Every structure is written in C-alpha cells, then in structure tokens.
Amino acid sequence: GALLVSERIDREELCGAVSPCSLSFEILVENPLELYSGVVEIQDINDNDPVFPSNQARLEISESVAPGVRFPLESAQDPDVGINSLQTYQLSANPHFVLDVQTRGDGSKHAELVLEKELDREEQRELHLVLTALDGGSPPRSASVQIHIDVVDANDNAPVFNHSTYKANVRENTPSGTLVARISAYDLDDGPNGDIVYSFSSHTLAKVRELFSLDSATGELKVKGELDYEETKLYEIYLQAKDKGVVPGVAHCKVLVEVVDVNDNAPEVTVTSVYSPVPEDAAPGTVVALLSVTDLDSGDNGLLLVQVSDVNDNAPKSLQDHYDVYVPENNVAGIPILNVSATDPDLGPNSRLSYVLLQGDPAVSRLFSINQENGTLYLLASLDHEDQVKFSMMVQVQDGGSLPLSTNLSVSVFVTDLNDNAPVVLYPRPNSTNVVAPGTPARHMVTKVVAVDPDLGYNAWISYTLLQATDPSLFSVGLHSGEVFTARQLREDETPQHMLVILLKDHGEPVLSSSVTVTISVDEMVKEALIELTDVAPAHDSRKHLTFYLILAVILVSAAFFITLVSVGIFKCYKWRQSKELFNNSRSTLYRTPGPFHHIDAVRGGFTPPNFYHQVYLTTDSRQSDVLCKKPFTSSPLGSHQNTMRNGEPGLYHQIVGTASRLPKPTE
C-alpha cells in the first residue's frame, strides 16, 4: 500500500503558476470492493532565482518633472510560488528617488521609481541606480538590474489616456487577430512632442506579450496567441503612451481582459473493470465497472448531462372540448373560421400533432376542410341560413407516436341570418280584380295583401305602405296587417276602376322591398243583381219552408265534412303504404309529406286564398235578404274545413244575413 515517487518531480514544470499543485489518483480495494480517491500535493521549494528581462534599464527624465512623478520599472520573474516567489524590491541609496513596491491582483509584485527631489541637468546629467529583486526563501534568492537615468530638457505636456483602466471580454480559443480593445490618449503639444506612440509597459509580463499584440499607432489591442480559460481567467495588461519629444512624456493605463469559458473540453470517462470476463451466473446487481467522469470546463460547460428518452404516454389535450362558431350566411368561400388548438407534453414525433375531420354528415365533408398541421378550419362554400342553420362535426387530434394517441373535439357551426330575401307576395295574384259596391261605408275591408319573407326575426317583419293610388283619399292600408280598407264611404259617382300600388318592406339592414298592384272595381251591377235575385223568390215560401232548409243545409254540410275526412285518411294511408314498400326495396322515398308553412303570420294573414267568387244567399223573404260579396276558397287541408259563420272575418269576406227577427215563425 505504499505510494512511491517514480521520477524526479518539478513543480514548476507540472503546474507552473497554479497553486496549490496537486495530482489526483484513485485506489481500488477488493474483497470487499471499495474505491478511494487520493490527492498528492506537490510542495514548492525555493529552487529558482528571480530573473529580470535584461541586465540594465535606461530612463530619460526631464529636469522639469515635479516631485511625486512615478516611473514603472521592469519586473523580475520567479517561477516559485507562495513565500518562495518574488516578495519585494530594493533600490540603492540616492538623493532623488525612492522605491514604491505595488501588488497586482494576482499577488505578484512590481516596482515604481518615485521622484522625491527635483533633478538639475546642469548639476548632474545622469544617475546610476541598482534595483534588487528578493524572494521569500530562507535564505532568500535575489537578482539585480542596473538603472541608467539621463536627465534631459523638459517636454511641457505628457500624453493623457481617456481612461486609466479599460475592461474587455474575449472568448477562449479566439482566433489570432481578433480585436480585444482600443486604447486612446491625447497630447496637447504640437509637432513631434504631440505625436503618440503606444507600447507595452515594463510591468507587462512576457507571457502576456506572447498572447496579445498592440498597434503602436492606433492603440488596438489584438489577440496574438491561443487563450485558454482553464489556464488563465484574467489578464492584467499594462500599456503606455509616449510622445516623440526630445524628452518624451509618458502616460500609463491598464487593460483588464477577462477570458470567457467555451465548451472546448469533452468529458473524460475513466472505466475501472472489476470482473473480466464477467461470469455467466453473475447475480443481478453485481458491479462490473466503475465510471468516473470529469470535464475541465466551468459552469454549465462542465456538467454531464444524462438525457431521458421520451415515451408516447400523453394524449393531445385542448383547453376546451367543444367549439361554437358563428358564421354569417353568404360568406366568401375559402375563409378560415376557427383554429382548433391542442398541445402534447411529449417530445419529438410524439408531440407532433395532426388534425382530421371525422367522416359523418356528407354536407360537412363537402363544405368544410381542416389544415392537418395547424388545425385551421376552412369554409369551402357559401352558406345559406334558410337552407341549414347548424352544422355539427368532430375533429380528431392525433400525435405522431409509433402507437398514436388521439383526442376528439366537437365543433358546432351556426349560420347567422342576413337580410338577403325581399318580401314575396302570395296574395292577391296578378291580374285579379276586387269588386266593391257603391255606398260601401268607411273602414270596410276590401281585400288583404298576404306576403312572406324567408328571413328570420326583424329581417322577416313586413310593413305595408300605400305607395300610389288612383284616388289616395279613398283607400288605406294597414301598416302591419296588409288589409286594404275604405277610407270613406263610396259615392255613386266614384271612378269605376282603381289601381293601388302597395310597397312591402322588411326591417332588415339594408331594407329590402317589393311591391304589388291591387285592382279594385266599383260596380253598381253587383247591387242590382242581388236585388233582382231577391225579387224572384216567392214571398209565401220564405216562412213555410225555412226550418226545413236550415236543417237540410246543416246535414249536407256535415256529410260533406265527414266524406272529406274519410277521403283524406284513405289517401294518406295509401301514400304511407306506397312509401313503406319503396323503402323496403332500398329505393329513395318518392313521397314526402308537405311541411308546415314557414314565416306566415297566421294571426294577420290566415291562409292564402287563390281566387274569389261571388255567391248570393237568400232567405224565404227575398225582400229582406242581403248579399255575400266575396268568400275565399282554398285548397289547404285546414282552410277547407273552416266554418263559414265562425270564420267570417272581415279580412277574408263580408256577409250580411237576415236577422232572426225578420224571419217568419214556422207553422205547426
């Protein structure tokens, strides 16, 4: 178990300026299996002398320099570390200068000459000093350099830097020639005394000069060698600016260059095998090898990342399971109306989603399509609210896993109504004429305009306005009912033919309208014909057979009503059996029961009468009988069974019958 040195150890060769200097190793102990880490620290001994870059240094100092001015001196280098490294400087005795020893950020020392007493070139043209560098060993090692100072005439202004300290960041492994910083100084003198030359100061280490270059004219500091963050993280570069005077003025500045780490070192894996080969009957859990992973980079660049592979264990998810979309009718084809969005927390193909419309209603697949990649739902054709109000569909969202998972989302598209239909006139029909007798009183309903608007709500609310008339003072139109009334009593000398143009408008936006022309004839012949008919009836029969006729009329009407109901029932049965047989034979349905009337105001309009006819009712006393001017006829199943007496509304017909007081009592 003894750890031995196999060859001579040189700490400066192994670690350079890095302290402490250590070598790491691992010890494996078997039976039982244990792993230990060990570190050998190489301690420094004082086996190196300080060394100056040159044996002598020469300075030119003007006699006009004021006391207190500092002059940097060349620094000595000592490869030892700690107490054995360079610790201080000593200056030979002289009446003009003292020595000031400074410490850098990394702990190294450098010396500066400080003028304590003014120089006089006439008294002494040059001075000779000795600078000694001492380390901290026991005994200490030293080195000396001769300093020759020439006292020259004055240069009034020295260069001045814009900043005393410059800071810059540069990535390691930056190629040579990359600009790091640009320093700048100015000199108020003219001519050569104002021309500035930039150079490295004597404080700058030789290693730094190998890594960086300085342009003497522009002051551009550039990368020259290969920077390594793992070797040095920060460089202190001392620069100076001199003018070209006989006695040059000098200014000094410092540039701090921070090296930024780059992930330029791959992890190193050390494998120590325990069993080789591994027995085939080795129990589960047997240690086969020990792994040790190291990375010389810093921060995140030095972590070892272990990635976990993804499994498709998450189905797509959406914030909502159902979408409601409202689309105005008459839309432009090809517009997007909805974006169905979903997410999948898996990675890679397992999170790549596709959107598909599931097959269902054929109208949906014909009118809608969806983008498989982003879930945008498009409308392929123009929709009509009057054709279909709602469409329901199902969107399937599926991921791209080898065993794909999916989620279904329901979408409802509602078609909103627009005012795109003008009112349609159902009654009166073109070229039809309404007849009214002279002497008809005011507020007497002559006819009624019946119209329908396929739109919905306010878009289908119709108003009626009298737009044009032969005599505007004779007739009026109900604003919402469409009923045409006499505005005053008709005179005997009225114009026989009247043309009314009625405007029908809905309440949509924009307003749509249509018009209808109503022809009304004022005819005296109607009244005379009725009077003549009443004169023909025998007066003595009116009272004698009145009861019989009334009973007979009730029986006939009831029989007709019953026969009509039976006929309709038989017809319906026949049609139902025919459609059932066609359905069983996989044929399309040939019979379809008529649907209900839509958008017709039953209260205002009733059912549409296609024509009018004249009918005369007489009592047994023809002198006391009156006339029925108009009565509607309709083929509607409901309209055909309306009771004449009960449904004698003024909007459809007018009937005047003899009162009971005028009828003679029946004889026994």
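Quick reminder: no glycine exception, Cβ is built from N, Cα and C everywhere.
In TrEMBL, annotation is done automatically, which means it is predicted and not curated.
The domain 'Cadherin' feature in TrEMBL is assigned to 1-52, 53-161, 162-269, 319-425, 436-540. Residues annotated as transmembrane segment in TrEMBL: 548-571.
Note on the domain 'Cadherin' (162-269): DSSP counts are 10 helix, 48 strand, 50 coil.
Sorting the domain 'Cadherin' (436-540) by DSSP state (H, G, I as helix; E, B as strand; all else coil) yields 16 helix, 41 strand, 48 coil. Note: the domain 'Cadherin' (319-425) comprises 10 helix, 46 strand, 51 coil (DSSP; helix = H, G, I, strand = E, B).
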